[in-house]
Amino acid sequence: MALCLLCALRMWRAPPYARTPWVIATAVTGAAALSVKWTALVTPALVAIVSLTGHPFTKRRLASNHIVLAAITALALYTACFWLHFRILIYSGMGDPFMKLSFQRTLIGGKNYSPNAISDGFLHNFVFLNKQMYIANKGIKARHRWESRWWQWMINMRGLLYYNELNADNKMLNEKIYLIINPVVTAVTLASLLVFVGICVAVFIRKRDQSEKPTRSLNLQAFIARGSFFLAAYVLNLLPYLEVARCTFLYHYWPPLFYALLATANMVNGIPSRRFQVYVSAGICILVFAAFLYWSPWIYATPMSKEAHARRRLFGKHWL
(Lines of atoms letter the chains of each structure in order from A; the text may use other names.)
(Lines give C-alpha, C1' and ligand atoms only; values in the text may rest on other atoms or scores of the structure.)
Protein backbone atom coordinates (compact mmCIF):
# COMPACT_ATOMS: atom_id res chain seq x y z
CA MET A 1 0.00 0.00 0.00
CA ALA A 2 2.73 2.44 0.97
CA LEU A 3 4.83 1.36 -2.00
CA CYS A 4 1.85 1.91 -4.30
CA LEU A 5 1.49 5.49 -3.09
CA LEU A 6 5.24 6.11 -3.44
CA CYS A 7 5.25 4.78 -7.01
CA ALA A 8 2.20 6.91 -7.80
CA LEU A 9 3.94 10.05 -6.54
CA ARG A 10 6.94 9.24 -8.74
CA MET A 11 4.59 8.61 -11.66
CA TRP A 12 2.79 11.94 -11.27
CA ARG A 13 6.06 13.86 -11.03
CA ALA A 14 7.69 12.16 -14.01
CA PRO A 15 7.46 13.78 -17.45
CA PRO A 16 5.00 12.01 -19.81
CA TYR A 17 7.76 10.29 -21.81
CA ALA A 18 9.26 8.74 -18.65
CA ARG A 19 6.08 7.63 -16.91
CA THR A 20 5.67 4.10 -18.27
CA PRO A 21 7.93 2.31 -15.70
CA TRP A 22 6.19 4.11 -12.84
CA VAL A 23 2.75 3.37 -14.30
CA ILE A 24 3.59 -0.34 -14.29
CA ALA A 25 5.13 -0.19 -10.80
CA THR A 26 2.08 1.62 -9.41
CA ALA A 27 -0.31 -0.89 -10.97
CA VAL A 28 1.72 -3.86 -9.74
CA THR A 29 2.00 -2.64 -6.15
CA GLY A 30 -1.65 -1.59 -6.04
CA ALA A 31 -2.84 -4.97 -7.32
CA ALA A 32 -0.49 -6.75 -4.91
CA ALA A 33 -1.97 -4.84 -1.96
CA LEU A 34 -5.50 -5.60 -3.13
CA SER A 35 -4.75 -9.29 -3.61
CA VAL A 36 -3.65 -9.51 0.04
CA LYS A 37 -6.58 -7.59 1.55
CA TRP A 38 -9.57 -6.02 -0.17
CA THR A 39 -9.59 -3.23 2.40
CA ALA A 40 -6.41 -1.97 0.71
CA LEU A 41 -8.61 -0.80 -2.18
CA VAL A 42 -8.67 2.81 -0.97
CA THR A 43 -5.07 3.58 -1.95
CA PRO A 44 -5.16 2.30 -5.56
CA ALA A 45 -8.65 3.80 -5.94
CA LEU A 46 -7.47 7.26 -4.87
CA VAL A 47 -4.41 6.90 -7.09
CA ALA A 48 -6.74 6.12 -9.99
CA ILE A 49 -8.94 9.14 -9.25
CA VAL A 50 -5.97 11.52 -9.12
CA SER A 51 -4.56 10.00 -12.31
CA LEU A 52 -7.89 10.34 -14.14
CA THR A 53 -8.66 13.88 -12.98
CA GLY A 54 -5.19 15.39 -12.76
CA HIS A 55 -5.87 16.78 -9.28
CA PRO A 56 -4.40 17.57 -6.84
CA PHE A 57 -0.86 16.19 -7.33
CA THR A 58 -0.41 16.47 -11.07
CA LYS A 59 -1.22 19.25 -13.51
CA ARG A 60 -2.65 16.96 -16.15
CA ARG A 61 -4.42 13.63 -16.20
CA LEU A 62 -2.64 10.46 -17.20
CA ALA A 63 -2.56 9.72 -20.93
CA SER A 64 -5.14 7.22 -22.18
CA ASN A 65 -2.50 4.66 -23.12
CA HIS A 66 -1.04 4.82 -19.61
CA ILE A 67 -4.49 4.40 -18.05
CA VAL A 68 -5.14 1.31 -20.18
CA LEU A 69 -1.68 -0.05 -19.38
CA ALA A 70 -2.25 0.41 -15.63
CA ALA A 71 -5.65 -1.29 -15.77
CA ILE A 72 -4.36 -4.28 -17.74
CA THR A 73 -1.28 -4.66 -15.52
CA ALA A 74 -3.28 -4.50 -12.28
CA LEU A 75 -5.90 -6.95 -13.51
CA ALA A 76 -3.24 -9.32 -14.82
CA LEU A 77 -1.34 -9.42 -11.52
CA TYR A 78 -4.47 -9.79 -9.39
CA THR A 79 -5.69 -12.62 -11.62
CA ALA A 80 -2.24 -14.25 -11.71
CA CYS A 81 -2.26 -14.61 -7.92
CA PHE A 82 -5.40 -16.72 -8.15
CA TRP A 83 -4.11 -18.63 -11.18
CA LEU A 84 -1.08 -19.67 -9.14
CA HIS A 85 -3.36 -20.60 -6.23
CA PHE A 86 -5.47 -22.93 -8.37
CA ARG A 87 -2.40 -24.25 -10.17
CA ILE A 88 -0.85 -25.67 -7.00
CA LEU A 89 -4.17 -26.58 -5.35
CA ILE A 90 -4.44 -30.26 -6.28
CA TYR A 91 -4.85 -31.88 -2.86
CA SER A 92 -7.79 -31.95 -0.48
CA GLY A 93 -7.67 -29.89 2.70
CA MET A 94 -9.64 -28.07 5.40
CA GLY A 95 -10.88 -25.49 2.91
CA ASP A 96 -12.73 -28.00 0.71
CA PRO A 97 -16.25 -26.98 1.87
CA PHE A 98 -15.48 -23.43 0.77
CA MET A 99 -15.62 -24.51 -2.89
CA LYS A 100 -18.43 -26.11 -4.88
CA LEU A 101 -18.75 -29.88 -5.29
CA SER A 102 -17.50 -29.90 -8.89
CA PHE A 103 -14.21 -28.41 -7.71
CA GLN A 104 -13.93 -30.75 -4.73
CA ARG A 105 -14.07 -33.70 -7.13
CA THR A 106 -10.74 -32.59 -8.61
CA LEU A 107 -8.92 -32.55 -5.24
CA ILE A 108 -6.77 -35.62 -4.64
CA GLY A 109 -7.41 -37.34 -1.31
CA GLY A 110 -10.80 -35.77 -0.73
CA LYS A 111 -13.95 -37.74 0.02
CA ASN A 112 -15.52 -36.40 -3.18
CA TYR A 113 -12.45 -36.95 -5.36
CA SER A 114 -13.01 -38.45 -8.79
CA PRO A 115 -10.08 -39.19 -11.13
CA ASN A 116 -12.40 -38.57 -14.08
CA ALA A 117 -13.62 -35.18 -12.85
CA ILE A 118 -13.27 -32.28 -15.27
CA SER A 119 -12.33 -28.86 -13.94
CA ASP A 120 -14.78 -25.98 -14.37
CA GLY A 121 -11.93 -23.89 -15.71
CA PHE A 122 -9.88 -21.10 -14.22
CA LEU A 123 -12.20 -18.20 -15.08
CA HIS A 124 -15.20 -19.91 -13.50
CA ASN A 125 -13.26 -20.80 -10.33
CA PHE A 126 -11.73 -17.32 -10.16
CA VAL A 127 -15.11 -15.58 -10.21
CA PHE A 128 -16.66 -18.12 -7.84
CA LEU A 129 -13.87 -17.84 -5.27
CA ASN A 130 -13.94 -14.03 -5.24
CA LYS A 131 -17.70 -14.15 -4.77
CA GLN A 132 -17.32 -16.67 -1.94
CA MET A 133 -14.68 -14.53 -0.25
CA TYR A 134 -17.11 -11.62 -0.10
CA ILE A 135 -20.02 -13.77 1.12
CA ALA A 136 -17.90 -15.56 3.74
CA ASN A 137 -16.46 -12.32 5.10
CA LYS A 138 -19.91 -10.75 5.28
CA GLY A 139 -21.28 -13.82 7.04
CA ILE A 140 -18.83 -13.80 9.96
CA LYS A 141 -20.96 -13.21 13.07
CA ALA A 142 -18.83 -14.75 15.84
CA ARG A 143 -17.73 -12.42 18.64
CA HIS A 144 -14.29 -12.25 20.24
CA ARG A 145 -13.17 -11.17 23.68
CA TRP A 146 -10.57 -8.78 22.28
CA GLU A 147 -12.57 -7.31 19.44
CA SER A 148 -12.76 -3.52 19.20
CA ARG A 149 -14.65 -0.85 17.29
CA TRP A 150 -13.35 1.74 14.84
CA TRP A 151 -13.80 4.67 17.23
CA GLN A 152 -11.76 2.85 19.88
CA TRP A 153 -8.85 2.56 17.44
CA MET A 154 -8.76 6.33 16.96
CA ILE A 155 -8.06 6.90 20.65
CA ASN A 156 -6.13 3.66 21.27
CA MET A 157 -8.78 2.57 23.73
CA ARG A 158 -8.55 -1.19 23.23
CA GLY A 159 -5.73 -3.42 22.01
CA LEU A 160 -5.37 -7.13 21.34
CA LEU A 161 -3.86 -9.65 23.76
CA TYR A 162 -1.68 -12.24 22.01
CA TYR A 163 0.14 -13.86 24.93
CA ASN A 164 -0.40 -14.03 28.67
CA GLU A 165 1.63 -16.41 30.87
CA LEU A 166 3.30 -16.53 34.26
CA ASN A 167 7.08 -16.35 34.22
CA ALA A 168 8.65 -19.81 34.45
CA ASP A 169 11.25 -18.74 37.03
CA ASN A 170 9.14 -16.40 39.13
CA LYS A 171 5.40 -17.04 39.39
CA MET A 172 4.91 -13.55 40.83
CA LEU A 173 5.80 -12.05 37.46
CA ASN A 174 3.59 -12.05 34.40
CA GLU A 175 4.54 -11.99 30.71
CA LYS A 176 2.22 -10.38 28.19
CA ILE A 177 2.25 -9.51 24.50
CA TYR A 178 -0.39 -6.86 23.97
CA LEU A 179 -0.95 -5.03 20.72
CA ILE A 180 -1.47 -1.29 21.10
CA ILE A 181 -0.53 1.82 19.17
CA ASN A 182 2.23 3.93 20.65
CA PRO A 183 0.15 6.33 22.81
CA VAL A 184 2.21 9.33 21.69
CA VAL A 185 1.59 8.42 18.05
CA THR A 186 -2.14 8.18 18.78
CA ALA A 187 -2.25 11.59 20.46
CA VAL A 188 -0.11 13.37 17.86
CA THR A 189 -1.85 11.92 14.80
CA LEU A 190 -5.35 12.54 16.13
CA ALA A 191 -4.42 16.10 17.11
CA SER A 192 -2.90 16.70 13.67
CA LEU A 193 -6.06 15.55 11.91
CA LEU A 194 -8.27 17.73 14.09
CA VAL A 195 -6.02 20.78 13.69
CA PHE A 196 -5.96 20.30 9.92
CA VAL A 197 -9.75 20.18 9.79
CA GLY A 198 -9.81 23.39 11.83
CA ILE A 199 -7.39 25.06 9.43
CA CYS A 200 -9.50 24.04 6.44
CA VAL A 201 -12.63 25.46 8.06
CA ALA A 202 -10.83 28.71 8.90
CA VAL A 203 -9.49 29.05 5.35
CA PHE A 204 -12.92 28.36 3.90
CA ILE A 205 -14.67 30.91 6.12
CA ARG A 206 -12.10 33.65 6.04
CA LYS A 207 -11.33 35.42 2.80
CA ARG A 208 -7.60 35.63 2.43
CA ASP A 209 -6.00 39.02 1.92
CA GLN A 210 -5.75 39.74 -1.81
CA SER A 211 -2.36 41.34 -1.25
CA GLU A 212 -0.96 38.08 0.12
CA LYS A 213 2.25 36.98 -1.53
CA PRO A 214 1.59 34.48 -4.36
CA THR A 215 4.27 32.09 -3.11
CA ARG A 216 2.65 31.91 0.28
CA SER A 217 -0.73 31.33 -1.37
CA LEU A 218 0.70 28.51 -3.45
CA ASN A 219 2.30 26.96 -0.37
CA LEU A 220 -1.04 27.07 1.44
CA GLN A 221 -2.82 25.49 -1.53
CA ALA A 222 -0.27 22.67 -1.69
CA PHE A 223 -0.53 22.15 2.07
CA ILE A 224 -4.32 21.87 1.92
CA ALA A 225 -4.24 19.65 -1.18
CA ARG A 226 -1.88 17.16 0.47
CA GLY A 227 -3.71 17.24 3.77
CA SER A 228 -7.10 16.79 2.12
CA PHE A 229 -5.83 13.75 0.23
CA PHE A 230 -4.48 12.18 3.43
CA LEU A 231 -7.63 13.03 5.39
CA ALA A 232 -9.86 11.58 2.66
CA ALA A 233 -7.77 8.39 2.61
CA TYR A 234 -7.95 8.18 6.41
CA VAL A 235 -11.74 8.50 6.46
CA LEU A 236 -12.28 6.16 3.49
CA ASN A 237 -10.14 3.48 5.12
CA LEU A 238 -12.32 3.69 8.23
CA LEU A 239 -15.67 3.70 6.42
CA PRO A 240 -15.90 -0.08 5.81
CA TYR A 241 -15.77 -0.66 9.58
CA LEU A 242 -18.46 1.80 10.62
CA GLU A 243 -21.36 -0.58 10.08
CA VAL A 244 -19.57 -3.90 9.71
CA ALA A 245 -21.25 -6.75 11.60
CA ARG A 246 -18.22 -9.01 12.05
CA CYS A 247 -15.76 -8.57 14.91
CA THR A 248 -12.86 -6.26 14.16
CA PHE A 249 -9.49 -5.72 15.81
CA LEU A 250 -6.91 -2.99 16.27
CA TYR A 251 -4.75 -4.25 13.40
CA HIS A 252 -7.54 -3.20 11.01
CA TYR A 253 -6.52 0.37 11.86
CA TRP A 254 -3.11 0.13 10.19
CA PRO A 255 -4.20 1.60 6.80
CA PRO A 256 -5.96 4.61 8.39
CA LEU A 257 -3.02 5.07 10.77
CA PHE A 258 -0.63 5.14 7.81
CA TYR A 259 -2.48 8.13 6.36
CA ALA A 260 -2.81 9.76 9.78
CA LEU A 261 0.99 9.65 10.04
CA LEU A 262 1.31 11.22 6.59
CA ALA A 263 -1.16 13.91 7.63
CA THR A 264 0.98 14.58 10.70
CA ALA A 265 4.09 14.89 8.54
CA ASN A 266 2.21 17.33 6.32
CA MET A 267 1.29 19.42 9.37
CA VAL A 268 4.92 19.57 10.51
CA ASN A 269 6.04 20.37 6.97
CA GLY A 270 3.52 23.21 6.93
CA ILE A 271 5.21 25.02 9.82
CA PRO A 272 6.69 28.21 8.27
CA SER A 273 9.94 28.12 10.26
CA ARG A 274 12.36 25.39 9.18
CA ARG A 275 14.07 25.52 12.57
CA PHE A 276 10.77 25.07 14.38
CA GLN A 277 10.01 22.11 12.12
CA VAL A 278 13.19 20.46 13.34
CA TYR A 279 12.34 21.18 16.99
CA VAL A 280 8.82 19.77 16.64
CA SER A 281 10.05 16.70 14.76
CA ALA A 282 12.77 16.04 17.32
CA GLY A 283 10.33 16.49 20.20
CA ILE A 284 7.84 14.05 18.70
CA CYS A 285 10.56 11.47 18.04
CA ILE A 286 11.86 11.73 21.60
CA LEU A 287 8.38 11.31 23.07
CA VAL A 288 7.60 8.38 20.76
CA PHE A 289 10.84 6.65 21.72
CA ALA A 290 10.22 7.26 25.43
CA ALA A 291 6.72 5.78 25.12
CA PHE A 292 8.16 2.82 23.23
CA LEU A 293 10.60 2.12 26.06
CA TYR A 294 7.85 2.39 28.66
CA TRP A 295 5.43 0.03 26.90
CA SER A 296 8.05 -2.25 25.32
CA PRO A 297 7.50 -4.99 27.97
CA TRP A 298 4.19 -5.64 26.21
CA ILE A 299 6.07 -6.12 22.94
CA TYR A 300 8.82 -8.44 24.17
CA ALA A 301 6.86 -10.23 26.94
CA THR A 302 9.20 -8.83 29.58
CA PRO A 303 8.30 -10.32 33.01
CA MET A 304 6.66 -7.70 35.24
CA SER A 305 4.61 -7.58 38.42
CA LYS A 306 0.86 -7.03 38.38
CA GLU A 307 1.44 -3.51 39.68
CA ALA A 308 3.80 -2.70 36.80
CA HIS A 309 1.26 -3.95 34.28
CA ALA A 310 -1.49 -1.94 35.98
CA ARG A 311 0.54 1.30 35.76
CA ARG A 312 0.68 0.93 31.98
CA ARG A 313 -3.08 0.59 31.53
CA LEU A 314 -4.13 4.01 30.30
CA PHE A 315 -7.72 2.86 29.83
CA GLY A 316 -8.01 0.65 32.89
CA LYS A 317 -10.03 -2.50 32.27
CA HIS A 318 -10.19 -1.77 28.53
CA TRP A 319 -6.45 -2.49 28.36
CA LEU A 320 -5.66 -6.10 29.23
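Using the three backbone atoms N, Cα and C, a Cβ is placed for every residue, glycine included.
Taken verbatim from TrEMBL:
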TRANSMEM  23-50  transmembrane segment
TRANSMEM  62-86  transmembrane segment
DOMAIN    122-315  domain 'Protein O-mannosyl-transferase C-terminal four TM'
TRANSMEM  177-205  transmembrane segment
TRANSMEM  217-239  transmembrane segment
TRANSMEM  251-269  transmembrane segment
TRANSMEM  276-295  transmembrane segment
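Same-chain neighbours of the transmembrane segment (23-50): 1, 3-5, 7-8, 10-12, 56-58, 62, 66, 69-71, 73-78, 81, 133, 229, 232-233, 236-237, 240, 252, 255, counting only residues six or more beyond its ends whose CB sits under 8 Å from a CB of the stretch. With a cut-off of 8 Å between Cβ atoms, the residues of this chain six or more beyond the transmembrane segment (177-205) that come close are 153-156, 159-164, 220, 224, 227-228, 231, 234, 250-251, 253, 257, 260-261, 263-264, 266-267, 284, 287-288, 290-292, 295, 298-301, 314, 319-320. Within the chain carrying the transmembrane segment (217-239), a Cβ under 8 angstroms from the stretch's Cβ atoms is held by residues 39, 42-43, 45-46, 50, 55-57, 150, 193, 196-197, 199-200, 203, 208, 255-256, 259-260, 262-263, 266-267, 269-270, all 6 or more beyond its ends. When pLDDT is averaged over the domain 'Protein O-mannosyl-transferase C-terminal four TM' (122-315), the result is 92.
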